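**Student:** Pulled from Swiss-Prot, these are the listed features:
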- 1-34: signal peptide (SIGNAL)
- CYS66-CYS81: disulfide bond (DISULFID)
- CYS102-CYS132: disulfide bond (DISULFID)
Amino acid sequence: MPNTARWAVTLTLTATAVCGPLAGASLATPNAAASGLYAPSALVLTTGHGQSAATATPERAVTLNCAPTASGTHPAAVSACAELRATGGDFDALSARSDAMCTRQYDPVVVTVEGVWQGKRVAYERTFANECVKNSYGTTVFTF
């Protein structure tokens, strides 16, 4: 009987030593996956000359992905994402730079934004008086 008890204890300790780390890793996997979840923020920005998006032909388009990290074809993706985060994704809250000096020439430029910002659909359109005025708004968001 003492040998049987000794074997039982030895097998239990061996099984715990071998299987214990495996059980811990499998229990940690759901927490690791949960911390990697995020709301998507992926946008397509276009620009073209005209009064509205319906009449303007898109001349340039860029992509802007802000989650989990800033990326895309936007030339200043990191700073554009930072500006949008600061306004909570509100494009109307982007203000003009105070140091911009633009002429009063009227050559309308329309910018459109389509996509998803922090999990919510976005459809935005804004017409600027000219290219200089467009580039002065939002510092880098509309500069592409």
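Even glycines carry a Cβ here, placed using N, Cα and C.
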**Student:** Counting other Cβ atoms within 10 Å of each Cβ, which of the disulfide-bonded residues CYS66, CYS102 scores lowest?
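**Tutor:** Minimum Cβ neighbour count within 10 Å, taken over the disulfide-bonded residues CYS66, CYS102, occurs at CYS102.
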**Student:** As a test of the contact definition, list every same-chain residue at least 6 positions from CYS132 (disulfide bond) whose Cβ is closer than 8 Å to its Cβ.
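**Tutor:** Once residues fewer than 6 apart are set aside, CYS132 (disulfide bond) is near ALA100, CYS102, THR103.
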**Student:** Taking only same-chain residues 6+ apart in sequence, whose CB is under 8 Å from that of CYS81 (disulfide bond), what do you get?
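**Tutor:** Expected: SER41, LEU64, CYS66, ALA70.
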